[in-house]
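Written below as structure tokens is the structure these notes are about.
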């Protein structure tokens, strides 16, 4: 039963993959390459390279594509459902509970206490993005892109959509060599 | 109906502009949901992000799904999740099955390179916003201590951030509230006066 296999292959990474989509990449590889042998390692890394070049969350792109390869449109649906549904339902359940008690001082303390950690998490991600950019595009381009996008986003208040599209065009023309 | 259309648009943009996987879409979600459509306050957003980070599974769909649910129920949840993922999955299937040489094109590579520092800037701005808000509630000292502690535990001790968040939530839950809950009162007062 291929659909059941697809479900299992993506249910496990979805429920074990802490730290967002990218954290589940090795888990997906484990299921898809090692356990079910749907792809070779090189096919998997080729698919991953393609997925990384496209926008949108990575985990669902992989689930959607591998599900499609193994079981057509219905396979896509099963793969994506298995990736998204379990953790989403957990999230809605827990947050609804939290929201019900949102005026209690304890819940307010909770919200306040976790905020510095969340800031650090975001800061670490920002640092990783800058570091990746430094190694792939070089210091000069990185600084230029940082300064210009900061100016446009924070001073001129351009919507991020336009800044991102602008940077994509800039990259296609000036960094594509 | 308008609400559903806005939900769709907001998360469609998030999905199509989020280069570099789910986490890079966090600042985009913030932009749409807090700043543009004002469905959530900054506090709500921080809670969702914190809990989303502590739970397993992809972050982008957890946020989309929950926010969709908050805005307009089960249908809103489906709408937001599908708007986030369907367009990019469709592009992926079409591109891989039709032209496999696409990703080796130098201009595609250039696009991916140029967008990374921009997302970095958005994440850095969000970091600053969070620190500023934390200072209002907790004061500089606690904010700095908690921040530095988290940084050391996450980066150097390799502790999973979910564990740290759970530990902090636990502290908030079990510590005595009466006499020792002094800073809680300060926090609530500041909340009311602001």
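Placed from the backbone N, Cα and C atoms, the Cβ positions cover glycine too.
The annotation transmembrane segment is assigned in TrEMBL to A:6-28 (among others).
Here TrEMBL flags A:74-98 (among others) as transmembrane segment. Same-chain neighbours of the transmembrane segment (A:74-98): 2-3, 6-11, 13-15, 24, 59-60, 63-68, 107, 110, counting only residues six or more beyond its ends whose CB sits under 8 Å from a CB of the stretch.
For A:110-129 (among others), the entry in TrEMBL reads transmembrane segment.
Per TrEMBL, transmembrane segment is recorded for A:135-153 (among others). Same-chain neighbours of the transmembrane segment (A:135-153): 160, 162-163, 166-167, 170, 174-175, counting only residues six or more beyond its ends whose CB sits under 8 Å from a CB of the stretch.
Annotated transmembrane segment per TrEMBL: A:160-176 (among others), in sequence order.
Residues 98 of the same chain lie 6 or more positions beyond the ends of the transmembrane segment (A:110-129) yet place their CB under 8 Å from a CB of it. With a cut-off of 8 Å between Cβ atoms, the residues of this chain six or more beyond the transmembrane segment (A:160-176) that come close are 137, 141, 145, 149, 152-153.
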